[in-house]
Amino acid sequence: MSPVHYRTSTSTIVAVLKLYRFLDDRDALFRQIGRSVDFDPEVQRAVTDILEAVRLRGDMAVLEYTERFQGAVLTSMQVPEEDILRAREEADPAFIRVLEEAWENILRFHRHEVENSFFYEGEGGVVLGQRVTPMDRAMLYVPGGKASYPSSVLMNAAPARVAGVGEIFMTTPCDASGAVSPHILAAASVAGVTSVYRLGGAQAVAAFAYGTQTIPKVDIITGPGNKYVALAKKQVFGHVAIDSIAGPSEVVVVADDDADAEFITMDLFAQAEHDPDASSVLITPSMRLAEEVRDLAAARVGSMLRGEVIAEALSNNGAIVVVADIEEACRVSDMIAPEHLELHVLHPWELLASIRHAGAVFMGGYSCETVGDYYAGPNHTLPTNGTARFFSPLSVRDFVKHTSIISYTRRQIMACGERIASFADHEGLEAHAEAVRARLKKG
């Protein structure tokens, strides 16, 4: 394997990417891009303390942690409705237009996910079915801090709206003055969020999981956040539903020799600029392309506004992997099970059947991951850290629940009741059996 470097304006040499031959460097590759699913014990203790404090002391604890971690002394945790309307009115009209276009695209996609209740008549006239019911209340967590993410507002709100959730609350961290990003507020207005709170961190998760004197308890909490938010969601699961435990962003690009090196480089950068822990990986059978992307990344990273973040992410978690053929590239991608997978190949639809594990697949060189992040329609809240093997993107299904319906008449229980009672006898559950036989005796 060989690292690439770029020279900053201060002449510091910083590693950008490493190149691996999969046949020879497999173990080193997975050490480079492997992710731990464990949380730091100190973070776990801190989150546990925060959750317990909020559960016991409610608003007072939330306000104390908000002052401690966000530097804000709040008189109200909820953003006034007039602030939300003002943010939309004062926003760049072009920004509002693209928010509205994206919102309609996301709604349109999620409408295809809607499940209907069903009923059918079984043997002997028994009526069976399943009723689909939306949850009453949802809380959407929208990250703040290093960047503002109005796209996360739309992506979390749309499936909840389509599902028919009664009340959709949103929370996002404020700054030290108590202000919330106007872009996020404008997006909340477009999405028709019920109300917005200016809270962040584990204390926000706890407040909506348990409820406080002024904050409602919800049924589900969705949305990404930092490690404190992720661990808080994990710990409150059971008190509420959650979407997933989100980790740092990831992209894998599978490319053949015809792929555009600049497209690939910028797509790797796009994921890396999120966070120093983000992962960007190119897998290709073309050594020529691998070297071209490697060299272009080294040449371009220093000119990027978030170049230091990109360089750190690529150095710590990035890789270029040279494989024997495109089929092996697909197998390696499935081993990673990435959040985002781009297929920069001549015939992506022919390759799709070879892919089993990815949160979202982007077909061809012009279907860049950025399109999915903001505009296309499928949800950008995706499984990370290899969990695409068993988790799915955020969807309408996350905001509904299913109830089984069973209807037997007297005549129908008389026809099969003794067999059912006998089944219960074999499990040693006398009351189960006698509950049926009591009905048989009534005749």
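Backbone N, Cα and C define each Cβ position, glycine as well.
Site annotation (Swiss-Prot, ligand Zn(2+)) includes Gln271, His274, His432; from Asp219, Asp334, Asp373, the additional listed residue is Asp373. Binding of substrate is annotated in Swiss-Prot for Ser249, Gln271, His274, Asp373, Glu427, His432; the matching candidate from His183, His340, His344, His347 at the same site is His340. Cβ environment of His274 (substrate binding site): Ala147, Pro248, Ser249, Val309, Ala313 lie under 8 Å away, each six or more residues apart in the same chain. Residue density at His340 (substrate binding site): 26 other Cβ atoms are found within 10 A of its Cβ, drawing on all protein chains shown. Note on Tyr141 (NAD(+) binding site): other Cβ atoms within 10 Å of its Cβ, all shown chains, come to 29.
Cα to Cα, Glu427 (substrate binding site) and Glu339 (active site, proton acceptor) are separated by 44 Å. Set side by side, the recorded positions Glu339, Asp373, Glu427 differ in how many other CB atoms lie within 10 angstroms of their CB, and the most is found at Glu339.
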